[in-house]
Amino acid sequence: STVAIISLVACFGIAYRLSEGYGTDGPSAGIIALSSFVLMAPRFSSMVYDKNGEQVKQLFGGAIPFSSLNASSLFMAITIGLVTAEIYRMFIQRGITIKMPSGVPDVVSKSFSALLPGFTTFVLWALVLKGLEAAGVAGGLNGLLGAIVGTPLKLIAGTLPGMILCVIVNSFFWFCGVNGGQVLNAFVDSVWLQFTTENQEAVAAGQTLQHIITLPFKDLFVFIGGGGATIGLAICLFLFSKSRANKTLGTLAIIPSIFNINTAILFTFPTVLNPIMLIPFIATPTINALITYVSMAVGLVPYTTGVILPWTMPPIIGGFLATGASWRGALLQVVLILVSVAIYYPFFKIAD
């Protein structure tokens with residue numbers, strides 16, 4: 001599964017795409033970033049000790065556990081990817097490279113061009129690594145970033161009030177015509193992905209799940225039907241419209257809404273910049289978050305088990321799979337759809 005090595009993928013991908021955007025060589029920057037991540041990844045060693053606690057033998061050292069490659073190291077992967085791409089850009093754009101004659105194939109020339117920025121990047125990260133070791137920072141760069149960035153984000157994104165705040169901000173951005181998911185996901189999705197991965201590992205180890213709020217919690221329960229949880233509005237348009245235009249829109253929008261795609265409703269009904277729809281557009285996903293959280297917290301519905309499902313997964317199927325093949329997860333989604341219809345209906349009638 002890609003989730004088990006998501007930090008490797010993210011580190012390479014960020015450096016690759018950012019360098020491409022700068023007009024430099026994406027693959028070279030990606031490989032340098034990936035190598036830097038391997039250099040900085042948390043390691044462990046296996047020792048043999050005598051009865052007095054003295055080290056007798058080192059079985060192996062410097063091994064990188066799989067736990068250093070998953071979402072737990074995502075903040076470090078993002079940082080290394082960004083910094084590496086910037087260093088590579090500065091060297092290439094300022095011409096600080098080893099230049100080969102014009103007759104040399106382009107592939108070979110790019111390899112030599114990457115030597116100086118690559119060497120500088122490795123030296124930089126090696127100095128950072130040794131500096132953190134000398135300072136006694138537990139966990140190295142990953143531990144430092146986790147304390148500075150990860151801990152505050154976990155306190156926000158991992159709690160019900162924080163989740164509700166994210167929902168309100170997301171919905172308000174969408175109301176203004178800005179993709180709220182793209183604005184917020186860069187900050188909080190990495191935390192929710194880490195919680196999802198930890199639940200997945202707990203299931204595999206037969207341990208108790210620790211996190212209610214995960215990516216499937218957000219994608220499949222809170223924003224059911226898309227931003228604003230508009231599946232209820234889609235049903236209202238499809239079943240109760242008196243306006244011919246709204247009836248046609250409902251017919252066109254109902255199927256995409258089942259797959260959490262609601263662009264037609266957002267910009268055609270519209271909900272964007274429509275003051276009548278602002279209240280249900282914010283209230284519906286907020287109430288969904290409350291209902292889902294309480295249902296899982298009191299044990300009515302199982303926690304999401306860490307299964308990574310696409311955000312386009314249809315209701316009932318998505319709830320069933322996300323909660324470990326539990327019919328209660330599917331039933332919860334049915335309840336949320338009915339709640340969405342009930343909230344949107346009076347405002348829909350005014351707009352219709």
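Placement of Cβ uses the backbone N, Cα and C atoms for every residue, glycine included.
Any TrEMBL annotation is an automated prediction that lacks curation.
Look at TrEMBL and you will find 1-347 tagged as domain 'PTS EIIC type-3'.
Annotation source TrEMBL lists transmembrane segment at 29-49 (among others).
According to TrEMBL, the transmembrane segment annotation covers 69-92 (among others).
Annotated transmembrane segment per TrEMBL: 112-132 (among others), in sequence order.
Note on the transmembrane segment (153-175): residues 181, 183-184, 187-188, 190-192, 195, 211, 213, 218, 222-223, 227-228, 266, 271-273, 277-278, 281-282, 285-286, 289-290, 293 of its chain, located 6 or more positions outside it, place their CB under 8 angstroms from a CB of the stretch. What TrEMBL records for 153-175 (among others) is transmembrane segment.
Annotation comment: TrEMBL describes 220-240 (among others) as transmembrane segment.
Long-range contacts of the transmembrane segment (252-270) within its own chain (CB-CB distance under 8 A, at least 6 residues past either end) are made by residues 174, 177, 219, 223-228, 230-231, 233-235, 237-238, 246, 277, 311-315, 351. Look at TrEMBL and you will find 252-270 (among others) tagged as transmembrane segment.
The transmembrane segment annotation in TrEMBL covers 290-309 (among others). Below 8 angstroms of C-beta separation, residues 1, 3, 160, 163-164, 196-203, 209, 211-217, 219-222, 318, 321-324, 326, 328-329, 331-332, 335-336, 339 of the same chain, each at least six residues beyond the ends of the transmembrane segment (290-309), sit close to that stretch.
According to TrEMBL, the transmembrane segment annotation covers 330-348 (among others). Long-range contacts of the transmembrane segment (330-348) within the same chain, counting only residues at least 6 positions beyond its ends with a Cβ under 8 Å from a Cβ of the stretch, are 220-221, 224-225, 229-233, 235-237, 240, 276-277, 279-280, 283-284, 287-288, 291-292, 295, 300-301, 315-320.
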For the transmembrane segment (112-132), sequence-distant contacts whose Cβ falls under 8 Å of one of its Cβ atoms, 6 or more beyond its ends: 25, 28-29, 31-33, 35-36, 39-40, 80, 83-84, 87-88, 90-92, 96-100, 140-141, 144
Integer mean pLDDT for the domain 'PTS EIIC type-3' (1-347): 88
